[in-house]
């Protein structure tokens with residue numbers, strides 16, 4: 001009737017947050033997804049570099065072989081893994097292949113600068129070191145009496161002759177005679193390619209004091225060849241060679 005309000009069915013209440021059928025959900029801005037991805041990559045990278053630095057500092061470190069002084073055990077270009085647990089939790093042994101920093105200007109020439117990028121990778125353990133380090137086989141421990149050679153051209157340690165299967169085939173244990181006693185806190189080292197190794201013999205003064213290497217200079221023990229693939233394998237310390245050597 002005129003003047004009366006119309007009566008009808010009230011409309012259902014609208015929910016403001018309800019999705020309207022057929023509408024796609026609002027997409028996250030592209031720059032937001034990129035930021036999240038970059039942030040996650042940065043976190044993963046920092047964690048990986050930190051773990052690598054910890055491993056390199058306390059456990060293991062890669063090194064590359066720059067010369068032929070350890071042929072045929074190690075050849076130029078080999079990459080080796082060095083355990084930093086020796087010396088430390090584990091004792092040095094005769095026959096160990098050890099990496100050590102230059103004790104007293106053994107390296108005549110300064111190595112080439114690898115550049116800031118490679119130096120940074122070397123610092124965190126992602127690039128093999130080797131610029132100021134040497135690698136040799138440990139022959140004499142502190143106090144050992146090491147002599148070259150007996151009547152059969154064998155090196156003797158504390159009076160016991162040793163057979164050295166790791167020496168470069170066809171080469172003598174040493175063409176240079178020596179008769180030394182290794183000082184305390186130091187070791188006597190020699191390359192497996194005796195004719196091509198400026199080792200303890202080359203730098204000594206005839207007493208063992210100058211040619212021996214301070215244990216404090218030893219970075220660790222080389223335990224394996226990691227590269228190239230065709231040469232991968234563990235490095236032996238040849239325990240049978242030294243098992244009959246008496247204590248000093």
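Placement of Cβ uses the backbone N, Cα and C atoms for every residue, glycine included.
Now, the feature entries from TrEMBL:
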ACT_SITE  69  active site
ACT_SITE  136  active site
COMPBIAS  194-206  compositional bias 'Basic and acidic residues'
DOMAIN    39-227  domain 'Peptidase S26'
REGION    1-31  region 'Disordered'
REGION    194-213  region 'Disordered'
Active-site residues listed as 69, 136, least Cβ neighbours within 10 Å: 69
Rounded Cα separation (Å) that holds between residue 136 (active site) and residue 69 (active site): 8
Secondary structure at residue 136 (active site), reduced by DSSP to three states: strand
Predicted model, mean pLDDT over the domain 'Peptidase S26' (39-227): 87
DSSP three-state assignment (helix, strand or coil) for residue 69 (active site): coil
